[in-house]
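Features as listed in TrEMBL:
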type	residues	note
ACT_SITE	ARG92	active site
ACT_SITE	GLU95	active site
ACT_SITE	SER118	active site
DOMAIN	79-152	domain 'Cyanate lyase C-terminal'
Amino acid sequence: MEDSQNKANVTRRLQIIKLRSGKTFNQIAEETGFTNVYVAQLFKRQAQLKAETAPKLRDALPDLPEELLDEMMKPPLRSYDPNLIQEPTVYRLNEAVMHFGESIKEIINEEFGDGIMSAIDFYCSVDKVKGVDGKERVVVTFDGKYLPYTEQKTEHMVSRLRLQ
């Protein structure tokens with residue numbers, strides 16, 4: 001697993017490649033078939049590029065060095081800087097989830113049952129739309145697989161099955 005100093009170096013180099021390409025995350029996403037947030041995650045080393053889809057990224061960014069492409073295919077150190085919450089956009093997103101979270105949880109439980117939305121089998125995108133007043137609006141879509149909580153029976157425990 002990469003250390004935080006190596007991660008910072010790789011992400012800095014990836015940001016330079018993206019900047020030099022002149023492409024936005026949306027443009028790279030369109031060319032690769034990924035979501036714009038997933039592309040941003042790849043460039044922040046918060047997601048792992050799969051070998052079978054690496055050629056799509058290579059086609060979108062021909063100046064991406066092989067060594068960085070290889071780094072992007074390694075399992076990332078998924079982390080965050082605790083000071084990131086002070087950044088206004090991140091703070092407001094956190095505030096929105098905290099404010100609406102309990103109601104979202106109630107609706108998930110009402111619609112699906114006792115469970116959660118996966119953050120592993122998960123898609124996220126950010127889109128810009130015009131509101132009814134003509135002003136620009138941000139649409140953040142969280143698309144996660146539903147995972148029901150299970151009734152914990154000893155008969156289903158692998159360790160109990162091995163002991164018998």
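Heads up, the Cβ atoms here are built off N, Cα and C, so glycines get one too.
In the domain 'Cyanate lyase C-terminal' (79-152), helix, strand and coil residues by DSSP number 30 helix, 29 strand, 15 coil. A 10 Å cutoff on Cβ-Cβ distances gives GLU95 (active site) a total of 11 other Cβ atoms nearby, all chains included. Recorded residues GLU95 (active site) and SER118 (active site) have their alpha carbons 20 Å apart, per Cα-Cα distance. The two recorded residues, ARG92 (active site) and SER118 (active site), have Cα atoms 22 Å apart. Cβ contacts within 10 Å of SER118 (active site), excluding its own Cβ and spanning all protein chains shown: 12. For ARG92 (active site), the count of additional Cβ atoms within 10 Å of its Cβ stands at 11 [all protein chains shown].
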